[in-house]
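Annotation comment: Swiss-Prot describes Asp490 as active site, proton acceptor. Annotated ATP binding site per Swiss-Prot: Val367, Gly368, Thr369, Gly370, Gly371, Phe372, Gly373, Thr374, Val375, Lys391, in sequence order. What Swiss-Prot records for 361-640 is domain 'Protein kinase', and it gives sequence analysis as the kind of evidence. Summarising the annotation, Swiss-Prot assigns region 'Disordered' to 662-688. Swiss-Prot lists 1-14 with the feature signal peptide, giving sequence analysis as the kind of evidence. Taken from Swiss-Prot, the feature topological domain 'Extracellular' applies to 15-306, supported by sequence analysis. Under the heading topological domain 'Cytoplasmic', Swiss-Prot lists 328-688. Positions annotated as transmembrane segment by Swiss-Prot, on the basis of sequence analysis: 307-327.
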Amino acid sequence: MLVLFLLLTIPTRAQRTTTETPKTEFIFRGFSGNQSNIVTTGAATIKLDGLLRLTDRNSNVTGTSFYHKPVRLLETNTSSTNSTIRSFSTSFVFVIIPTSSSNGGFGFTFTLSPTPDRTGAESAQYLGLLNKANDGNSTNHVFAVEFDTVQGFKDGADRTGNHIGLNFNSLTSDVQEPVVYYDNEDPNRKEDFPLQSGDPIRAILDYDGPTQTLNLTVYPANLKSRPVRPLISRPVPKLSQIVQEEMYVGFTAATGRDQSSAHYVMGWSFSSGGDLLTEDTLDLLELPRPPPNTAKKRGYNSQVLALIVALSGVTVILLALLFFFVMYKKRLQQGEVLEDWEINHPHRLRYKDLYAATDGFKENRIVGTGGFGTVFRGNLSSPSSDQIAVKKITPNSMQGVREFIAEIESLGRLRHKNLVNLQGWCKQKNDLLLIYDYIPNGSLDSLLYSRPRQSGVVLSWNARFKIAKGIASGLLYLHEEWEKVVIHRDIKPSNVLIEDDMNPRLGDFGLARLYERGSQSNTTVVVGTIGYMAPELARNGKSSSASDVFAFGVLLLEIVSGRRPTDSGTFFLADWVMELHARGEILHAVDPRLGFGYDGVEARLALVVGLLCCHQRPTSRPSMRTVLRYLNGDDDVPEIDNDWGYSDSSRSDLGSNFEGYVSSDRASSSVPSFSVTRVSSSSVISGR
């Protein structure tokens with residue numbers, strides 16, 4: 001009987017168990033070296049000092065940062081189809097620095113999202129998470145804790161501009177509380193504090209799965225101990241209607257038109273499927289230093305100025321002499337002064353740090369030479385981490401100085417997975433330096449030509465097609481998706497760097513130009529590289545997005561064929577491919593080194609799209625958005641019209657009518673350049 005009882009009860013007990021799912025735990029005490037673990041989009045970026053910046057203080061920008069892998073948040077009960085949310089905890093330290101003490105915005109969120117891609121999310125009150133069309137949709141499956149700093153938006157739902165809310169599929173908060181913490185000595189006493197203080201603030205969120213209770217505590221990070229009483233503590237059964245089996249965890253942020261702040265995360269920990277946090281693991285001493293609070297500094301300077309005015313003349317003179325002496329001494333020690341405009345641009349780095357990182361700019365550190373300078377590989381800390389590329393502009397070159405300023409202005413604000421990130425800059429006497437992400441795989445030029453000659457390894461078709469679509473995506477961002485129109489003007493293989501996963505990054509923006517949307521180029525100086533310049537440049541010298549499309553078309557043909565665009569002025573790649581197309585033999589243009597190792601449909605598609613981009617009339621060329629739709633197979637590719645070609649006289653004009661910078665594609669570079677906000681050239685040349 002005992003045996004029979006056991007046999008009957010064992011299956012019943014088994015049915016009551018839940019499926020064990022692995023725990024997820026991570027902790028980032030700063031984000032240096034963790035670029036592969038954090039997915040950033042928009043204005044978000046990981047800075048050299050280890051800070052995760054969600055937005056800078058530009059107007060109407062968004063930024064998102066998510067952990068790179070989804071987190072399992074549901075426990076499945078094997079006895080039924082019901083699932084319960086796993087307990088989880090997260091802690092993070094953040095800093096918000098407003099444009100001024102009274103004009104910051106809009107805030108940020110900690111988010112559970114079914115995808116890290118928040119494409120279409122709007123700025124301002126939508127916090128980079130949702131938009132006007134989908135705000136409130138039950139299909140969003142989004143939970144967010146909002147840290148809002150602006151009052152009166154979202155149909156007046158925000159009672160105060162300094163508040164925290166719990167949001168379910170909407171940015172209208174179900175639960176909203178002013179920002180306070182409770183004193184441990186008197187748990188009923190509230191201490192309020194501003195989110196936009198510019199000082200580190202700590203947030204700890206605990207969700208208990210069995211009771212469906214959420215506890216949220218927010219307090220200044222310099223407090224000695226965590227407040228015992230949380231700011232928000234309540235059941236949130238609504239969360240079970242939102243959470244899917246796997247969710248992405250991360251942050252979104254946004255600024256507004258007239259109200260903007262820089263949002264930073266100094267450290268972040270997360271745990272699911274285990275015990276809730278009993279103590280915080282983010283020690284301030286182990287985190288990166290908080291960013292400088294220029295809004296606070298401006299208030300301090302006004303007080304100092306009032307004090308100086310009240311002092312006697314002798315005291316004023318002594319203070320002035322002391323000030324200039326200290327500044328002069330700092331200059332001698334290569335100290336760096338952070339100026340207001342640098343808050344929204346890449347930061348200035350110390351020359352001595354770059355000198356040490358490149359072993360004194362030794363020849364064995366050179367990874368490329370081209371344009372106006374030489375590129376060196378460097379290490380800012382240990383030999384295996386924080387690798388950078390340092391472009392040293394050729395001395396005594398005014399063209400080089402102009403390029404230097406252009407790159408600081410533009411690429412410092414552009415952020416896209418197919419563009420090279422500019423990290424910082426430096427000027428020491430006659431040395432001008434730009435610092436980029438280091439991309440060890442080299443340029444597309446070397447992968448197409450140099451490496452096959454040296455090792456016999458030929459770039460595969462899948463890699464070529466992926467590279468082509470990546471470059472197209474980067475150009476689409478420059479032409480249509482950024483706040484202004486950026487014309488690159490020098491698209492070629494040596495200006496495309498390739499990551500280990502064959503993701504391309506377009507660089508070398510020293511010749512780029514920036515325009516307001518709807519305006520046209522006033523520049524009539526012809527610049528670029530022979531073989532990639534559109535025929536209309538010989539007639540009017542005016543670059544446009546259509547001339548960039550032409551250069552991309554030539555590059556696309558080059559990627560497929562493995563042949564350079566010109567050869568001693570007698571061979572023109574586009575004409576040759578067009579002749580093969582006219583004879584119905586266009587696949588004969590495919591790189592013979594590939595053998596039969598390519599997709600014929602994709603190769604034909606790429607070649608025809610390349611020819612469409614090389615049309616003699618700019619108005620007949622497709623936009624980069626259309627090009628990308630062709631390459632992705634979203635739209636049918638039209639026939640090439642009979643007016644495609646252009647005359648030999650146009651070609652000869654391209655070789656003789658130049659008044660600006662024109663190069664042949666013989667220089668190789670491992671790192672590109674950049675250009676965008678107005679920065680005074682005198683301030684850069686003088687070292688400020």
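Cβ coordinates are placed from backbone N, Cα and C, and glycine is handled just like the others.
Note that this is a predicted model, so its numbers are computed, not measured.
Sequence features annotated in Swiss-Prot and their locations in the structure.
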{"residue": "Val367", "record": "ATP binding site", "DSSP (3 states)": "strand"}
{"residue": "Gly373", "record": "ATP binding site", "DSSP (3 states)": "strand"}
{"residue": "Asp490", "record": "active site, proton acceptor", "DSSP (3 states)": "coil"}
Excluding its own, the Cβ atoms lying within 10 Å of the Cβ of Asp490 (active site, proton acceptor) add up to 29
Enter the number of other CB atoms within 10 angstroms of the CB of Val367 (ATP binding site).
20
Number of Cβ atoms other than its own within 10 Å, given for Thr369 (ATP binding site):
14
Do me a favour and check the Cα-Cα span between Val367 (ATP binding site) and Asp490 (active site, proton acceptor); whole Å is fine.
20
Between Asp490 (active site, proton acceptor) and Gly373 (ATP binding site): CA-CA distance (Å)
16
Rounded to the nearest angstrom, how far is the Cα of Val375 (ATP binding site) from the Cα of the residue listed as 'active site, proton acceptor'?
18
Mean per-residue pLDDT computed across the topological domain 'Cytoplasmic' (328-688):
79
Using all protein chains in view, find how many other C-beta atoms are within 10 Å of the C-beta of Val375 (ATP binding site).
23
Other CB atoms, at most 10 A from the CB of Gly373 (ATP binding site):
25
